[in-house]
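K.L.:
Questions regarding the structure given below will be posed in turn.
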Amino acid sequence: MAFRRRNKSYPFFSQEFLIQNHADIVFSLVIFILIGLMFEATAKTAILFIQPQYNITILSLEGEVTTYHYGWKDGATILFYFFIAIILHAVVQEYLLDKVNRRLHLSKSKNTKFNESGQLCVFHLVSSVWSFYILITEGYLLHPSSLWEHYPHSHLRFQVKFFYLTQLAYWLHALPELYFQKVRKVSHSDGLWFCLYILQSFFSCIMFSLNRVGLVLLFLQYVTELGFHIARLLYFTDENHQKMFDLWAVSFVFTRMATLTLMFLAVGFGLARSENQGLDVELGNFNTVLIRMTVLLVVCLTQSWLLWKFIRFQLRRWREFRHEQAVRKKATTKQPLRQLKRDSLGHHENGILKAENGLSSRTKKLKSP
């Protein structure tokens with residue numbers, strides 16, 4: 001399975017060979033793990049990479065319900081879907097984005113941004129639909145109080161744990177992709193976004209048992225990011241399409257306000273009134289005043305920083321727009337003045353410049369263009 005056309009062959013175990021064939025190498029590792037499922041001696045080891053571990057079956061009114069805990073074996077599952085994310089990244093790049101790039105003929109800088117938005121657009125679309133489906137089926141949207149009731153939520157349903165594992169795998173795969181794509185300079189904002197997504201998924205799911213609130217926050221963030229990357233893709237195809245950026249700006253501010261409101265409602269008020277007050281690491285209970293205040297402080301600082309950065313971006317964009325309008329207005333006012341100055345000397349008739357009053361007997365032939 002070859003994902004890219006080879007224009008030049010490189011020696012084995014070289015840096016260029018690894019960059020050019022990284023998707024094929026990872027695909028071979030995935031096939032090797034899947035073959036391990038076919039044999040009884042290796043099936044127990046291979047299943048660690050594919051299926052979430054630490055399942056617990058409990059009896060409830062609905063019957064037997066299987067929930068999942070977390071542990072060090074989840075690292076193998078994250079590694080497997082880390083490989084899957086690299087393969088899907090190469091498939092989207094080869095069979096979708098590269099074909100569109102050949103038709104658009106973008107510059108090198110715009111081509112890089114187009115590929116980045118294309119990849120993230122696919123990921124945010126899948127993740128937002130998936131997270132919304134989980135929120136509906138688990139009843140978190142219809143019953144908002146379930147986000148903090150019966151805390152701690154250390155035992156997860158299969159689809160919830162699988163969602164978080166794939167999220168961690170994708171955002172971890174984004175870091176080596178910078179090396180595979182030969183990105184020499186990465187802005188601080190890109191690295192910060194990677195860290196924010198990884199930390200939000202990790203701490204909400206594993207550390208503080210806030211996986212239900214984390215699902216809602218990730219859904220809101222993914223929908224907003226999806227709008228931004230769709231707007232940027234439309235802008236690269238036609239620079240006149242800028243109305244989507246205005247819609248994204250509204251959704252961005254709404255997401256920041258909704259995030260703060262939800263965190264204060266769930267952590268500040270919901271967990272504060274919960275009966276399970278105290279610290280119990282084994283049960284996953286972190287409902288103490290210090291931890292709640294720390295979580296709220298981190299969320300407030302993060303959202304404030306994002307709003308400040310957004311306001312600075314919008315102000316810079318507004319100044320550039322005003323500057324362009326002033327330049328265009330200045331250019332349009334100069335052109336009629338030059339035309340008026342030329343026509344004030346007379347009028348043209350059959351290629352001859354004559355005076356306005358027609359009294360002058362002097363004529364002058366105009367040069368042919």
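The chain as shown is numbered from 1 upward.
Every residue gets a Cβ built from N, Cα and C, even glycine.
TrEMBL lists these features:
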type	residues	note
TRANSMEM	21-39	transmembrane segment
TRANSMEM	78-97	transmembrane segment
DOMAIN	112-321	domain 'TLC'
TRANSMEM	118-142	transmembrane segment
TRANSMEM	162-180	transmembrane segment
TRANSMEM	192-210	transmembrane segment
TRANSMEM	216-235	transmembrane segment
TRANSMEM	247-269	transmembrane segment
TRANSMEM	289-308	transmembrane segment
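Help me see these features in their spatial surroundings.
P.N.:
Residues 3-4, 22-23, 26-27, 29-30, 33, 49-50, 114-115, 118-119, 122, 165-166, 168-170, 172-173, 176-177 of the same chain sit 6 or more residues outside the transmembrane segment (78-97) yet have a Cβ under 8 Å from a Cβ within it.
Nonlocal intrachain contacts for the transmembrane segment (247-269), taken as residues 6+ away from its ends with a CB within less than 8 angstroms of a stretch CB, comprise 144, 147-148, 210, 213, 216-217, 220-221, 223-224, 227-228, 231, 292, 295-296, 299-300, 303, 306-307, 310, 314.
Residues 196, 208, 210, 253, 256, 259-260, 263-264, 267-268, 271-272, 279 of the same chain sit 6 or more residues outside the transmembrane segment (289-308) yet have a Cβ under 8 Å from a Cβ within it.
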